[in-house]
Amino acid sequence: MSKDAVDTAQVAAHPQATGTIPADAGDAGYSKDLKARHVNMIAIGGAIGTGLFLGAGGRLRDAGPALAIAYLVAGVFAFFVVKALGELVLYRPSSGSFVSYAREFLGEKGAYVAGWMYFLNWSTTGIADITAIALYTHYWSMFTSIPQWVLALVALAVVLAVNLISVKIFGEMEFWFAIVKVATLVGFMLIGIFLLATQHEVSGQTPGMGMITDHGGILPHGVMPVVLVMQGVIFSYAALELVGVAAGETAEPHKIVPRAVNSIMWRVALFYVGSVVLLALLLPSSLYSGDESPFVTVLSGIGVPAAGDVMNLVVLTAAMSSLNSGLYSTGRILRSMAMAGSAPRFTGVMSRSQVPYGGILLTCAVCVLGVGLNYLVPSKAFEIVLNVASLGIISTWVIIMICHLVFVRRARAGLVERPGFRLPGSPVTEIVTIAFLLAVVGLMWNDEEVGRKTVLLVPVIAVMLVAGWFGVRRRVAHQAGQERPAPRE
């Protein structure tokens with residue numbers, strides 16, 4: 001990477017040198033309006049989304065009760081990634097998050113790849129979200145006459161408006177979205193535990209271990225289905241790294257981030273693993289479906305009135321939350337890239353309310369293409385973009401772990417200082433996590449229908465990234481030459 005980028009980062013790590021130069025040119029101008037409660041609930045919201053409320057049904061049917069093990073394993077590695085990112089945040093808080101760290105530890109090419117792969121993840125996830133919102137809205141008969149693409153466009157417009165107002169409004173919206181999701185899960189788990197304890201029948205089935213032992217055991221379809229659902233399981237955890245982006249807009253990241261990151265592990269265990277275990281004990285896995293929330297399947301099985309309506313509203317909330325987070329994070333990431341020259345200049349523009357609206361609007365533009373996808377192939381839109389998004393998040397996590405490896409190596413050389421909040425077991429933890437993530441991509445090849453197509457996208461994306469780099473490298477070099485840190489006074 002350029003010497004200037006390193007110098008800038010080192011100045012940020014040692015503010016006594018000059019307290020006026022930000023660590024990343026893209027960090028300047030942000031408000032610090034996100035409070036501890038916002039970041040804590042953003043961490044929760046990132047761990048609970050449509051991947052659980054809707055996706056768990058189809059995965060439970062395909063993989064059986066062993067899905068809980070898949071969520072646990074992926075959850076542990078997701079925690080390692082966020083722990084590593086949390087350590088980097090405490091070393092140097094930045095709204096550019098891992099893109100800023102990639103710039104420091106991997107150079108401008110690393111930052112370029114990290115940023116655009118993250119944009120690929122969230123822009124395609126945004127398409128998936130507005131597609132999901134349209135599908136969920138069609139659940140109610142009053143909306144069935146409205147075309148899916150119209151509903152998708154309305155959802156995008158509403159969330160865009162919220163993001164353009166201020167970061168405080170974003171934080172409040174995410175706070176209440178998370179409250180709804182957590183309250184729903186807690187309520188369901190209490191009902192599920194009651195059904196289990198009282199042996200109350202669900203759809204004519206008696207809850208208990210018999211739902212597992214009498215229906216093929218933990219692996220009713222073997223190991224391979226569990227391996228194949230791992231891609232979707234990782235996608236379920238895709239917003240956890242949002243904590244690192246949000247840290248750049250908090251007044252006290254050194255107090256807030258460790259608490260938020262450390263709470264992720266037990267939330268994963270409770271909400272994902274606990275919920276899936278409970279679902280497996282309440283009904284045979286074969287009775288769940290990818291077309292219906294597993295929670296609706298259970299609640300409808302005990303005759304709860306309007307169970308489908310309530311859960312559909314919650315899943316709708318989860319999709320809106322994901323779209324909200326995607327616009328927020330890509331706006332900040334693209335601004336960091338624009339200030340370094342690797343993204344269009346207009347994505348670096350800030351509004352008077354300190355919102356990087358240029359990057360947000362670019363993400364929305366891609367989502368509008370998704371509206372077109374909803375118009376052309378409404379039945380396939382969700383599946384198409386989900387595969388692309390999964391590659392984006394896996395590459396982002398790999399880059400975070402590589403950045404942390406370089407960071408630790410420099411710390412051992414005495415070039416930087418590690419904070420007290422650390423990823424344990426380095427460098428083994430990073431290497432094992434990277435190996436796991438790459439293995440997930442490789443094993444997708446065994447899924448001929450979907451996974452193989454996803455893997456074949458890798459060289460296509462690589463060619464696009466290389467072509468894009470040749471298009472921006474001169475501007476990146478020029479920008480690096482312009483942004484030399486101010487001399488000490």
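Even glycines carry a Cβ here, placed using N, Cα and C.
Since the structure is predicted, the reported quantities are computational estimates derived from the model, not experimental observations.
For reference, Swiss-Prot has these:
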type	residues	note
TRANSMEM	38-58	transmembrane segment
TRANSMEM	62-82	transmembrane segment
TRANSMEM	113-133	transmembrane segment
TRANSMEM	150-170	transmembrane segment
TRANSMEM	175-195	transmembrane segment
TRANSMEM	223-243	transmembrane segment
TRANSMEM	268-288	transmembrane segment
TRANSMEM	302-322	transmembrane segment
TRANSMEM	357-377	transmembrane segment
TRANSMEM	382-402	transmembrane segment
TRANSMEM	426-446	transmembrane segment
TRANSMEM	452-472	transmembrane segment
Selected stretch (most C-beta pairs under 8 A with the transmembrane segment (175-195)) from 38-58, 223-243, 268-288, 452-472: 38-58
Maximum Cβ pairs under 8 Å to the transmembrane segment (223-243) - stretch from the list 38-58, 62-82, 268-288, 302-322, 452-472: 62-82
Distal contacts, the transmembrane segment (452-472) - CB-CB under 8 A, six or more residues away: 109, 112-113, 116-117, 120, 231, 341-343, 387-388, 390-391, 441-442, 444-446
Surrounding residues of the transmembrane segment (113-133) on its own chain - C-beta under 8 Å, 6+ positions past either end: 50, 54, 98-99, 102, 106, 148, 151-153, 155-156, 238, 315-316, 319-320, 322-323, 325-327, 329-330, 333-334, 336-337, 342-343, 363-364, 366-367, 369-371, 373-374, 378, 381-382, 385-386, 388-389, 391-393, 395-396, 399, 461, 465, 468
Among 150-170, 268-288, 302-322, 382-402, stretch most in contact with the transmembrane segment (38-58) (C-beta, under 8 angstroms): 302-322
Selection from 62-82, 268-288, 302-322, 382-402, the stretch that has most Cβ pairs under 8 A to the transmembrane segment (150-170): 302-322
Contacting positions for the transmembrane segment (268-288) when only residues 6+ beyond its ends and CB under 8 Å are counted: 47-48, 52, 56-58, 60-61, 63-65, 67-68, 71-72, 75, 78-79, 182, 185, 188-189, 192-193, 195-196, 202-203, 205, 207-209, 211-212, 214-216, 220, 236-237, 294-295, 297-298, 301
Intrachain neighbours beyond the transmembrane segment (382-402), with Cβ under 8 angstroms and 6 or more residues off its ends: 77-78, 80-81, 84-85, 88, 98, 101-102, 105-106, 110, 113-114, 117-122, 124-125, 127-128, 131-132, 135, 231-232, 234-235, 238, 241, 370, 373, 430, 433-434, 437-438, 440-441, 450, 453-454, 457-458, 461
